[in-house]
Amino acid sequence: MTSTFATYPMDVLCLRLAVKTGSKTMSQVALSMLREEGFASFYTGLGPSLVLIAPYIAINFCIFDLMKKSLLEKYQKRPETSVVTALVSASLATVMCYPRDTVRRQMQMKGSPYNTLLDAFPAKKTFSHLFQECSKLRELKVGRQAHAQMMTTGFSPTVFVANCLVHMYIRCMDLGSARKVFDDMPHRDIVSWNAIVFGYAQNGFVDLALSLFSEMPVCDVISWNSIISGCLQNGNLIEAAELFLEMRMTGMASDRTTFAIVLKLSSALEDHAMGTQIHGLVIKVGLDMDVVAGSAVVDMYAKNKNLGDSYCFFREMPQRNWVTWSALIGGCAKNEEFICGLELFVEMQREGIPVSQSSYASIFRSCAGLSCLEAGRQLHGNALKNDFISDIIVGTAILDMYAKCESLGDAKKLFRELPIRSLQTCNAMLVGFTRNDLGIEALKLFQSMNSLLVGADEISLSAVLSACAEAKAYLQGLQVHCLAIKTNLFLNICVTNSMLDMYGKCRALADACNVFEEMSQRDAVSWNAVLTALEQNECYEETLSYFNQMLVWGLEPDVFTYGTVLKACAALQSLNFGMQIHNMVMKAGLGLDPFVGCSLIDMYCKCGMLEAAQGLHKRIVNPTIVSWNSIISGFSLHKQSEEAQNVFSWMLEIGLQPDNFTYASALDTCSNLATVGLGKQIHAHIIKKELNKDVFISSTLVDMYAKSGNMQDSQLMFEKMLERDFVSWNAIICGYANHGFGMEALRMFERMQMEKIVPNHATFLAVLRACGHAGLVDEGLHYFESMTQHYCLEPQLEHYSCMVDLLGRTKGVHEALEVIACLPFEADAVIWRTLLSVCQIHRNVEVAELAVRNILALEPNDPSALILLSNIYAQNGRWDEVSGMRRMMRESSMKKEPGCSWIEVKGEMYAFIIQDNAHPNTEQIYDTLDKLVEEMSQTGSEPDQQLFIHEESNKI
């Protein structure tokens, strides 16, 4: 131990003793060195000191002998006396054999009272070294103590020592003390000015830095670099560019640091021309082969999305370091050339270039972009091998990679194992949960971030607001809104955009509109968010109004904007507005975009322009499944089910695989045509694709079998469902109600309530129809009242129409009229037609005439009302009125849509209309029909002649 302490460099011991370890004894220092550095480093001072130690051996023995005698007299019975004696004597000998400034440094740092013994020694070098060490280690407390010691000793620092002190305070983020020392300096050189300007600029006080820079008596290249770099880092990009031009005008020569800063500036400004010009200057001054300037050029081209030039210049460089490789690998990740980035990383490893923090971050971003989990795991092992896993930036990049590769198990495990959980790692985990639709998990993590004391930033709040939107957690979203206001992050546009999306998806439209109106700054994402919120909440007219405001504000719509507005046009069946949007899309050059194309097809289909929709579909180069679905559903919606089935068959022929929505639309056409055979074939396809467990498809199958009259298979399909939603229940209840099985429909409704499924408007509509078909007046009134009392559902026109039909059929016309009189809104043509049908049952001419007048006021060209009224006149034997009706219909040129029926025979569909002669077997069909009518007459069945308006009515 004696020889070790005598030979180990004393400055290392001093540094550990007073700065790093805080130890008070040499033994603690020795143990610390052994634990942290090992034996090899422990003996690093042995060799250089062998030459110097010989002259001090005698002194060492003398001191040892004196100490031993003194201590033995005092501690004769203590066995450890010899050890203590050896340690003390060795320490004294070491102090004597080491440089005087080292001894002074130790004594000053420990507050030694024996400074007077060292008055003859020069202290200037000691203070400068001490301030430099404190600056390097950012030890502000020790630096202040040394500064105080220097002042109490009356030592007047030179410019060099004062500069070291200023630099120490700047490095330790104490700008106030640095400025005080600077102001107290009697003499300042350019290093002093550069230090204080650099300190203010790098810490965000650009205005103060510029003020001091303007007062500088002389500027060198370091001065210019400091102020330009400070402006760049604090976002004053234009000012930074102007300063560089001013520097050029003064004739100051730029060095490689200047070019590195200005090249980064051109990337920040997204000014490719400026970057190219700076590259020209680099070549002109002969720094193009310099590794620092060259790395900056590579980085500039990559960030300006000119990866080709970046790669070419990289290959031309004679010398490349880890910065150069990191710049190009990062450029590949930013320009989404992920495979190229991985190849460069492998090449860098082969050349033995050490991997940097930024290289790892970029390469994990490439793995995330490729969703390449296996490569990411291998690189994770590489980072572990190179001891980068504790690095917060690399750890966050790995975590983000796992989350984006949908390997949340690995992401959670890594998150738990990280030594430090920073705000960045928590944000990566939050975003991962949100992207994988795990909103509840994201909310739990956000709540735990408070106990981790990591705080929250705009990324945290944006992610957790998206989680609230996904989980429909309105109250939690409201709390995050309050937190955003409290932390002044409400002004961040990303946060407010996420807030708009959250309120829209939580159906808090008023809150969404308030947030939007209060925004001081809006971008395209803001407008898209509020438009989507309005469209999703069925405020279609307001959607179009806000879209017009967006155009007035001068913002350019994107594909998402057009898609949302076209959905609103489709819902409103606003063909004119939709066609205007189509023109805007073509002018913007987005006509071939798949997303916009599908929205246009859907709009034209829902507006009844099926030919235009089909034309658009054919013009799309590679139509997606969404486009095919829009065409099939469009034909089905407009009762052109045969054409929809043809498109479905065409899609299968070209090899395109249907999705859930395709199968649902095809099954809907089978329901419309009652083509049970084709429906069963599609059902077999669904089972083969293992899609029969999907709730949406299963509900459609229940509906298809029910509409085809096959309630047995419909019920069987319903019972096989592993999970049922309100759509499934509505389908089975509607099936029973429409086929006259009122009691079965009501039993299914009671069962639905027992299973805690909340009914909606469509459910009650089916229940009321079932009551009407079964003549259950009291039950119908009970369910009608329970809509508002128990389920807070306001009855719609369809529900009132059912009540008019129920009460009118069972109690009479006047009870139906009372229902209409109590409507909270104006009755539409459907309700008046329902009343007219009730009048036909009860042969009430007076009320029938009232109903027809209201129908014609709402739909003047509808002949069905006149035909029904004419039948009621005929029922009551009022033939003059019947003739008047026929004459009025002929004079008004009203045309009734002819009735149509169809039948499936041997897998082929046959359709017929009134007086149809198009079928090749028409004569045989009519002969069979005549025979059936004759057989009906023989059994006593006669048609009600009063309900016909004879041949003339069929021509209307």
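Using N, Cα and C of the backbone, Cβ positions are placed for all residues, glycine too.
Record features, source TrEMBL:
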type	residues	note
REGION	937-956	region 'Disordered'
REPEAT	1-70	repeat 'Solcar'
REPEAT	189-219	repeat 'PPR'
REPEAT	220-254	repeat 'PPR'
REPEAT	321-355	repeat 'PPR'
REPEAT	523-557	repeat 'PPR'
REPEAT	624-658	repeat 'PPR'
REPEAT	725-759	repeat 'PPR'
TRANSMEM	42-67	transmembrane segment
Whole-number mean of pLDDT values that fall within the repeat 'PPR' (725-759): 90
DSSP-assigned states of the repeat 'PPR' (624-658) in counts, ordered helix, strand, coil: 26 helix, 0 strand, 9 coil
Distant-in-sequence neighbours of the repeat 'PPR' (189-219), which means Cβ under 8 A and at least six residues beyond its ends: 159, 162-163, 166-167, 169-170, 173, 175, 178-179, 182, 226-227, 229-231, 233-234, 236, 239, 250, 252
Close approaches to the repeat 'PPR' (624-658) from elsewhere in its chain (Cβ under 8 angstroms; 6 or more beyond its ends): 594, 597-598, 601-602, 604-606, 608, 610, 613-614, 617, 665-666, 668-670, 672-673, 675, 678, 685, 909, 911
For the repeat 'PPR' (220-254), the number of residues DSSP places in helix, strand and coil: 26 helix, 0 strand, 9 coil
Helix, strand and coil totals (DSSP H, G, I; E, B; other) for the repeat 'PPR' (725-759): 26 helix, 0 strand, 9 coil
Summary of DSSP states over the repeat 'PPR' (523-557), given as helix, strand and coil counts: 26 helix, 0 strand, 9 coil
